[in-house]
Amino acid sequence: MLHLTKYNIATTCVIALGGFSYGFGSAVFVTVIGLPGFYVDFELDPTTSHTANILGAVNAVYFTGCALGSLGQSFLADWLGRKKALYIAAILALIGSALVAGSVKVGMLIAVRVIQGGGQGMLLALVPLYLSEVAPPHIRGFLTGLTTLSFGIGYVIVGWIAIACYHASNLTLSWRLPLALATVPPMALLAGLSFVSETPRFLVWRGQREEAWRVIRKLHYDPADAGEEGARAEFTQIVRQVEFDKEQNTSFVQMFKKPTWRRRSLLAMFATFAAQCTGIYGITNYLPLIFASLGMTGDVPLILNASHTTLGTICVLASIILVDRVGRRPLIVTGYCLLAGVLLAEALLQWKYIGTTNKGGNGACIFFMFVYIMVFQCVDAPGFAWVAEIFPTNLRAKGVSLAIFSLFVGTITFTAPSPLAFKNIGWHMFLIYFGFAVIAAIIAWVFIVETKGVPMEEIGALFGDEVVVHLTTDGHGIVEDKSGPEEVENVSNTGTAKV
C-alpha cells in the first residue's frame, strides 16, 4: 500500500483550488440573481419573461464556455502537460471573472461570461485528471472526490457572502463585490502551482522517466519502506503500461471505434450527463427564485440557499469518505434510486401546495429540497472519481474532457430553459427529473463497474483491455503471469534502470 506523504497532501490541496475556483465562479451568479441591486443596475424586472430569458442566456453562455473549455483542456493537457494546462485555465478564469465583475451592460455580461466559463470548464476537467494521477489506489476516490468537495466549499462561501451583501447600503457594491471576489481563487491557484510538480504518468508518457521517478518518490516516500519497494513497483507498472498503451492510436475517433474504449467513453459521458438530468443545476441555479415562489421573502431565500449548499457540501465530505470503503458503484446506484424517490415527493408536494399559504406544505417542499442535495452527493462525488480513473494515461485527458463536456451539455440542456420552465410548468419539471433518475438508476446498475482500490494501470482489465503488469497484493512487487505460474518480481532490487 502506497504511503500518503505531506507533499502529496500539499499538492492535492493546491490542485483542489481549481475546483474551488469553479465552484465560486459558478455559484456567484446564482446568488447575484437574488440581490435587488443587480436588477436595478441592469434595469431588469425580475417578474417578467424577458428577464427570465436574459438570466437563462447568461447561464447558457457561461456553461457553453465551460463545455468548450473542458474539450480544449484535453489538447493542452496532452501537449503541454497537466500543470501548464492548469496555468492557462486559471489565467482564463481570472480574466473572465474580472470582466464579469466589471460588466456595465447586459450584452457585455453575456459576452464575457463565455471567457469565464472557458477557464472554469478547463479547471473542472483538469482537477480530477491531475488528482487521479497522483493518488494512491486505496484513497484515490477520496482524493479525486476533493474536486467535488472543493467546488462545494466555493458554493458555500459565496452563499454566505451574498447574505452579507444583501444588507449592503450600496446596491451596486452588493452584487459587484461577490463577482469581483471570484478572481481570488484562480489567483491563489496560480500562486500555488509553482510549488507542485507535473504528474508522473504524464512525465513517463513524454519519456521523462528520471523526473517521473523523482516525483513518485516525493509523492509516496514511506520511511517504513527502506527499499522504496512500493514506489518502485508503481513506477515499474506505470512505465510498462504506458509504453504498451503508447503504441495505440489515441484520437477521439478511435475512442469510439475500439469497443473497449467506446464502452468507457460512453459510460463516462453517461455518468456526468445523467447527474445533470436529475436537475441539479436546473434547480440550484435558480434556488433563490424557487424559495421565493414558496412564499419566502427578504433575505430568507438567500439564507436558505446558503444553508442548502452548506448541507450539500457536508454530505460531499461524507460521500468521499465512503467512496473508498463502500465503493463507487453502490453509492451511484443507490443515489439515483433515492433521488427518484425524493424528486417524486417534491413534485407531489409542489403540485399540492405551491402558490398557497399553507406553511406546513411549503415547509415540506423546502425540506425535500434539502434532502435532494444530500442524496445527490451519493452520485456526484463518486461519479467524478470514477470517470477520472477508468481511462489509460494516453486517453485520460480526452476521456475526462468528454465526461465534463457531457456534464456541461446536460447543464445547458436543463439550465437555459429552467427559468421559463419553472415559470410555466412549475412542479412538472420535478416529474421530468424523476423519470430521468429512474432511467439513470437502471443504466448504472447494469453497466457501471467497481474500481475501488484497483491500481490505475489495471483498471483497463475491467473493460476488456490488456494489462501488461500487475502489482502484488501489498503493492510492493510486480506479478506477471508467464507460462501459467505467477512470477513475483521484487522491484526493490531492480532499480529504475531495469524499466
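Glycine is treated like the rest: Cβ placed from N, Cα and C.
For 7-34, 54-73, 85-104, 110-131, 143-169, 175-196, 265-283, 303-323, 335-354, 366-388, 400-421, 427-448, the entry in TrEMBL reads transmembrane segment. Marked as domain 'Major facilitator superfamily (MFS) profile' by TrEMBL: 11-452. Per TrEMBL, the feature region 'Disordered' maps to 480-499. If you look up TrEMBL, you'll see 490-499 marked as compositional bias 'Polar residues'.
Long-range contacts of the transmembrane segment (85-104) within the same chain: residues 15, 18, 21-22, 25, 65, 69, 73, 76-77, 112-120, 122-123, 126, 130, 176, 179-180, 182-183, 185-187, 189-190, 193, each at least 6 residues beyond the stretch ends and with a Cβ under 8 Å from a Cβ of the stretch. Between the transmembrane segment (335-354) and the transmembrane segment (265-283), three or more CB pairs separated by 6 or more residues in sequence fall under 8 Å, so the two stretches touch. Contacts between the transmembrane segment (366-388) and the transmembrane segment (7-34): absent, as fewer than 3 C-beta pairs lie under 8 angstroms at sequence separation of six or more. When Cβ-Cβ distances below 8 Å are used as the criterion, the transmembrane segment (427-448) is approached by residues 267, 270-271, 274-275, 277-279, 282-283, 328-329, 332-333, 336-337, 339-340, 343-344, 346-347, 350-351, 354, 386, 418, 421 of the same chain, each at least six residues removed from its ends. Sequence-distant contacts of the transmembrane segment (143-169) (same chain, at least 6 residues past either end, Cβ-Cβ under 8 Å): 12, 16-28, 30-32, 34-37, 124, 127-128, 131-132, 134-135, 175, 177-178, 181, 185, 299, 302-303, 305-310, 312-313, 316-317, 319-320, 323, 377, 380-382, 384-385, 388-389. Two recorded stretches are said to be in contact when at least 3 C-beta pairs lie under 8 angstroms, sequence spacing 6 or more; the transmembrane segment (7-34) and the transmembrane segment (400-421) fall short of this definition. Sequence-distant contacts of the transmembrane segment (303-323), counting only residues of its own chain at least 6 positions beyond either end whose CB sits under 8 Å from a CB of the stretch, comprise 27, 30-31, 34, 141-142, 145-146, 148-149, 152-153, 155-156, 159-160, 162-163, 284, 287-288, 291, 296, 331, 366, 369-370, 373-374, 376-378, 380-382, 385, 452. Averaged across the domain 'Major facilitator superfamily (MFS) profile' (11-452), pLDDT for the predicted model comes to 90.
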